[in-house]
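*Asks:* I have a structure I would like to understand better, so I am pasting it below and will then ask my questions one at a time.
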Amino acid sequence: ECFPILALGGIPFKLNPAGGFLGSVLLLGLIFSPLGRSELLLPLCHHLLLFQTIPHSDFIMEDESWDSTSSEWEQRCLLGNEIVSFSTSASSEKSEFLDSFHVKFNLSKLRSCLRCLKVTGLFIFGVVCSILFSTYPDHGKSWQMLAVSPLESYSVNLTDVGDSALLKLELAGSLIAGVVNRPQSEEYIVVEVILREELGFRRRRPQQQVILMDYMKIITISINIQAFLQENKVIPLSMTHQYLHADIETQVTIASVILAGVYMLIIFEIVHRTLAAMLGSLAALAALAVIGDRPSLVRVVEWIDYETLALLFGMMILVAIFSETGFFDYCAVKAYRLSRGRVWAMIIILCLFAAFLSAFLDNVTTMLLFTPVTIRLCEVLNLDPRHVLIAEVIFTNIGGAATAVGDPPNVIIVSNQELRKTGMDFAGFTAHMFIGICLILLVSFPFLRLLYCNKKLYNKEPSEIVELKHEIHVWKLTAQRINPASREETAVKCLLMQKVLTLEFLLKKKLKTFQRQISQEDKNWETNIQELQKKHRIADKILLIKCLTVLGFVIFMFFLNSFVPGIHLDLGWIAILGAIWLLVLADIHDFEIILHRVEWATLLFFAALFVLMEALAHLHLIEYIGEQTALLIKMVPEDQRLTAAIILVVWISALASSLIDNIPFTATMIPVLLNLSQDPEVSLPVKPLIFSLAIGACLGGNGTLIGASANVVCAGIAEQHGYGFSFMEFFRLGFPMMLVSCTIGMCYLLVAHVVVGWNS
């Protein structure tokens, strides 16, 4: 060999006269050369090639001729030119690879920086809120018992005002809540609050035998309570007063900022919606503490609606046991057979059935039963479950507005005693709302089809690949939930991750080799039905009978609770008792498997949301919305006031219910609308206002993901099955449906109450 060893870039290479030199140099040179060395490497390799191909005279054998050597020289020159061109293309590919690598590296670096910034910012925010909440003590309320009569009034002077901006005064007793404007002929109580400011003198510390005096402002608040009764009797009352450090406008501004921050966290998916609600609750509690209205732990716990949480927990247990029977797979195959392979016919059937059932059941219960069936049906048919679930929950909210028991705002309206005195009964409310909801459904189905015209309901990949991806996702979730506290758990987690790697390798193999057009599956729906019926059967018929018996009794009790007032069990108790009965009948020994299927994140989200909404109500946000609505209605001329009132109440209720919980909003708006109807200067009938509130509060829940409880429950169950949808995915479909449905409902109310004059 001419040169036994060649140093290239600090790495020795042995030259090979047989022609294997170039591959080694190029390969190792491309790998080991630093950035920017490729241009220097290519000319060097070319010269080495030319130099290597010149043979030394000592290595020419006797039988070799110079002619053959010259022919080899020409061939090797051609080969060298080809290799040089190959090396040039390899160099360009390498530069493109390095550029893409730099871009990906910079993006990953940016993501990690943003993640650190997010965690740091949220942690500092949580610490600041915690410090503010712990710094301001719980002053409590100064309360006293008193008695008033027509002959004797009650008066008290408050002088410990300090630098407070607001006095909060509460009276408790045999009073009718929320009604201000009453006829003078009835019994009522007048509360008079007078603020006096006087200038006084304050003695300062004497200096050098001189006594200094300065002026100070003395603020005195006088409270006078007098009763106007038809008989000479004594009315016992309880009065509490509390000083706050912020006025109403400041509190409303703080509440609006907190609510906007929570929505920003949820919309952009900065954190999970449960953590966003918890951070919002902490911020609202800290704001209450700063203004002087810090609640105690007992009071905060009382804000949580345990009936809703008990209903969710009990129904989740029932559905978890029910899913073991294979009934959901069986229902999916039957629905596919009923639609004869037509996807849109099947979606319309599901949505109609969900809307009909939610008119008599609670929306949350309906989605707890429908979501597993829908997910299994879409898996069988290779559909994307997210689009079908969003359509289903939208029509569940629409159907729930049809009756007095279908949605919580309707229940609050019908159960109000003051509204019952105006003739608002169960039958009349249901008849009025049912007609309007039927019209809304007739328009909503074509509009839903229009929204879904560009949506691909089928999955792009074949069903085998989709199921394999879903299986990989489930195995990953299972491995993440294992806490390796012991050696056995660590071994199990390693086995699960090994299973994930095996499935991912199989997925890559199928993606390369398997291609099939999914649109041809609908043409062979009869063949698919036969295959699906063989594959998806009832797994445990005895357990199915037990589940159907208990679930049927629970649903029957739900109906009975709505129509028979003698049953002293609310929906939460019925669900909990049904779950206990089914756990006993099913003979469940491994209780942790059932508990793993409970949506704990959804339950915690609702608990945090209840605290957040109640705190925002204490910051006067909901009350402020109601008062501003009343002021807008009063500004309209009298001949157009009813039309403007219906339009304003529908749209303000819809937009507010899409942002905040519709239950406290409805409870706050009812007394506002009652006072508005009883005001002699306004002279509006109460029934059109209440029906407008019901339409807006029920249909407004379709506006956002957290606008209705059924939306959150459906999203939680779908996320547990690996098909979670984001806030924006729901918003792109739900908000246009909310706009259309509220427009149809508003037109129906205008025709019924303004044109026809029904119930006006």
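Glycine too: its Cβ is placed from the backbone N, Cα and C atoms.
The transmembrane segment annotation in TrEMBL covers 18-36, 116-136, 248-268, 275-291, 311-331, 343-361, 429-452, 543-565, 571-588, 600-622, 642-660, 733-756. Residues or ranges marked as domain 'Citrate transporter-like' by TrEMBL: 263-696.
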*Asks:* Check the transmembrane segment (116-136) against the transmembrane segment (642-660) for contact, please; criterion is three or more CB pairs under 8 Å, pairs 6 or more apart in sequence.
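*Replies:* Answer no, regions not in contact.
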*Asks:* With the transmembrane segment (543-565) as the reference, find which of 248-268, 275-291, 343-361, 642-660 contributes the most Cβ pairs under 8 Å.
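*Replies:* The stretch I would name here is 343-361.
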*Asks:* Over the domain 'Citrate transporter-like' (263-696), what does the predicted model average in pLDDT?
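*Replies:* Average per-residue pLDDT within the domain 'Citrate transporter-like' (263-696): 84.
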*Asks:* Counting only CB pairs under 8 A, let me know which of 248-268, 275-291, 343-361, 429-452, 733-756 has the most with the transmembrane segment (600-622).
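*Replies:* It is 275-291 that shares the most Cβ pairs under 8 Å with the transmembrane segment (600-622).
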*Asks:* Between the stretches 248-268, 429-452, 642-660, which wins on the count of C-beta pairs under 8 angstroms to the transmembrane segment (733-756)?
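*Replies:* Maximum Cβ contact count belongs to 429-452.
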*Asks:* Checking distant contacts: for the transmembrane segment (571-588), what same-chain residues at least six beyond its ends satisfy Cβ-Cβ under 8 A?
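*Replies:* Answer is 306-315, 317-318, 321, 362, 365, 543, 546-547, 550-551, 553-554, 557-558, 561, 594.
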*Asks:* Please work out which recorded stretch in 275-291, 311-331, 429-452, 642-660 has the most C-beta pairs separated by under 8 angstroms from the transmembrane segment (248-268)?
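*Replies:* Comparing 275-291, 311-331, 429-452, 642-660: 275-291 has the most Cβ pairs near the transmembrane segment (248-268).
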*Asks:* Please report, as numbers and ranges, the same-chain residues at least 6 past the borders of the transmembrane segment (275-291) whose CB is under 8 Å from any CB of it.
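*Replies:* Distant contacts of the transmembrane segment (275-291): 122, 125-126, 128-130, 132-133, 135-136, 244-246, 250-251, 254-255, 258-259, 261-262, 265-266, 300, 604-605, 608-609, 611-612, 615-616, 618-619.
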